[in-house]
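What follows is a single structure, written as structure tokens, with notes after it.
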Amino acid sequence: MLYQQISQNKQRTVVLLVVFFALLALIGASAGYLLLDNYAMGLVLALVIGVIYATSMIFQSTSLVMSMNNAREVTEKEAPGFFHIVEDMAMVAQIPMPRVFIIEDPSLNAFATGSSPQNAAVAATTGLLEVMNREELEGVIGHEISHIRNYDIRISTIAVALASAVTVISSIGGRMLWYGGGSRRQRDDGDDDVLRIITLLLSLLSLLLAPLVASLIQLAISRQREYLADASSVELTRNPQGMINALEKLQLSQPMKHPVDDASAALYINEPRKKRSFSSLFSTHPPIEERIERLKNM
């Protein structure tokens, strides 16, 4: 059951990424048709923009991400218990030892970052380290180490970059149309061509809806990677109850004291901001109750 869950989560992520690239291609083709009367040029430009933006975000400095989240790097001497758990989990996962950081915050939370296992880092709040016992900490750190081993940070970064690229292209296309853009051929003879009018309307609709759809796909990818990391943590620790107990404590945690931006929020094991009342479709994290239920069904 455990390996089946891991396999299913990986397959769902692949499907979502394929749909994401298809959406980026669609929005590029739509913008190309509306502005240049050339599908292919718009499609190629959209994919190039998406790849460049994703590449630049992937190689964002680990130290910068930690600084944005008020995390301080610690040594084995400063936090021996935390350091040794990270070391043990990294050894089991067969990845290099990540850098270790602590966030001075009473809430219960942790996250990992880094584009690859070779430049990764793990951070935990002081509240988490004080409240959780060793088995629960192993579950949480196993979750974060799994993110590193599974290249989740890179996948999530690509998803954020693609969503941003879709929004930018859609915004530029919409503004150019609003201020009189569009191909001359569309303005000259489009009114008499029913097919062209239908295509024009569909292209406009895609420009309007694409940013929302892109955000939903990006959030869905984030939620799938959380499920995968939960299951992968159990694979590392061989202790599902430790992870379940940790999630039950996380469920009672208060929001973090310092502001957390959207990109950073998706990295944490638990939503670090005040819980929102709207649909889980718009959440970076799946409901903790559902995560616990999946672990119990392994």
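A Cβ is built for glycine as well, from the same backbone N, Cα and C atoms used for every other residue.
Counting only same-chain residues six or more apart in sequence, the Cβ atoms lying under 8 angstroms from the Cβ of Glu144 (active site) belong to Ala110, Phe111, Ala112, Val122, Ala229, Ile269. The active site annotation in Swiss-Prot covers Glu144.
The Zn(2+) binding site annotation in Swiss-Prot covers His143, His147, Glu226. Around His147 (Zn(2+) binding site), the same-chain residues six or more apart in sequence whose CB sits under 8 Å from its CB are Ala112, Ile153, Arg225, Ala229, listed in sequence order.
The transmembrane segment annotation in Swiss-Prot covers 14-34 (among others), and the record cites sequence analysis as its basis.
Feature annotation from Swiss-Prot assigns transmembrane segment to 39-59 (among others).
Beyond its flanks by at least six residues, the transmembrane segment (158-178) meets 16-17, 20-21, 23-24, 27-28, 30-31, 34-35, 46, 49-50, 53-54, 56-58, 204, 207-208, 210-211, 214-215, 217-218, 221-222, 263, 266 of its own chain at Cβ-Cβ distances under 8 Å. If you look up Swiss-Prot, you'll see 158-178 (among others) marked as transmembrane segment, on the strength of sequence analysis.
Marked as transmembrane segment by Swiss-Prot: 197-217 (among others).
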Surrounding CB atoms that lie within 10 Å of the CB of His143 (Zn(2+) binding site), all protein chains: 27
Nonlocal neighbours by CB distance (under 8 Å) for Glu226 (Zn(2+) binding site), same chain, sequence gap 6 or more: Ile269, His285, Pro286, Arg291
